[in-house]
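Each remark here refers to the structure printed beneath this line.
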Amino acid sequence: MAYTATMTLQGIFPPLPTPFTAAGELDLDGLQGLIAALEPLVDGFLVLGSNGEAVYLTEAERRLVLEAARAAIPTTKPMLAGTGGEATCTVLKRNCVAAEVGADAVLVLPPHYYLGAMNEVALRAHYRTLADESPLPVLLYNVPANTTLSLSPNLVGELAGHGNVVGLKDSSGNLVALGETLRRVGPEFAVLTGNAPTLLPALSLGAWGGILAVANVAPALYAALLRRFKAGDLEGARALQLALDPLALAVTVRFGVAGLKAALRLQGLPAGYPRAPLQDVSREVLRELEGLLEGVRALAAPSA
């Protein structure tokens, strides 16, 4: 479905890893198998995000991944496409490809290679051009751990006034800045956290949900956390948040993409391996992940 004002960006959205074989080749069957396993439990997907190793893909591979994902994701659920890049013209071309493939919206991290030049004037011009010319709605992506720059609440608030800028993924974990951002944007602007250990506080501030790497690993439990919050069961939501945090920190902070893929493989899911120069996890890390997953399995995912 094309993005409309009625398409919800509320809920839990896993940023899909891109499966590669041990030799580094794309495994599109694995990608579709992973989507099939997760789809009943989540509200939509991000394809070609940071956890999708998009920076390691050729433009042709990016299109293949998007096509395979769109074929596997029901059109009733949003598919967001990561299209960020350094040059505005490159991102515009990627946005057009995403539209051709059938994505519903694009997620765009800021350019950052020429870090000293990426002041708010440059970033504002970049995103406004994208918003003006993109065939798909644009979500901003604040991920300072990867870009070493932050999209300020003031800038996000300005850009949110553009009709084609519809949301933000904020992976900073900075709850003060998130609260200020939420104060500056309108109620129709979708704010999703990308920081799993602060999911519950972000929801309490007004976030719509999360685009969470660890939701690939424990989708039912993160969906349950959100349901408990919406139902007003804050103590139950808090209990799940605290129980899930060790796994979230391991997958997203300590072991990264390789840890995410290893955790999925340990569950029998076709996540594949990281592409070089990223390295697979060690046996010691695998054992630690096994222990964390055992602890998560001990949690009974509630039905409401």
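Numbering starts at 1 and runs along the chain as displayed.
Placed from the backbone N, Cα and C atoms, the Cβ positions cover glycine too.
Pulled from TrEMBL, these are the features on record:
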ACT_SITE  Y141  active site, proton donor/acceptor
ACT_SITE  K169  active site, schiff-base intermediate with substrate
TRANSMEM  205-225  transmembrane segment
BINDING   I211  pyruvate binding site
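The structure, with features from TrEMBL marked on it.
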| residue | record | CB count, 10 Å |
| --- | --- | --- |
| Y141 | active site, proton donor/acceptor | 27 |
| K169 | active site, schiff-base intermediate with substrate | 28 |
| I211 | pyruvate binding site | 30 |
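Listed by sequence, the residues of this chain that lie at least six past the ends of the transmembrane segment (205-225) yet keep a Cβ under 8 A from its Cβ atoms are 9-17, 34, 38, 41-43, 46, 49, 51, 80, 107, 167, 169-170, 175, 178-179, 182, 190-196, 199, 237, 240-241, 244, 247-248, 251-252, 260, 263-264, 267, 271, 293, 296, 299, 301-302. In the three-state DSSP reading, Y141 (active site, proton donor/acceptor) counts as strand. Spacing of K169 (active site, schiff-base intermediate with substrate) relative to I211 (pyruvate binding site) is 7 Å (Cα to Cα, whole number). In this structure, the CA atom of I211 (pyruvate binding site) is 11 Å away from the CA atom of the residue listed as 'active site, proton donor/acceptor'.
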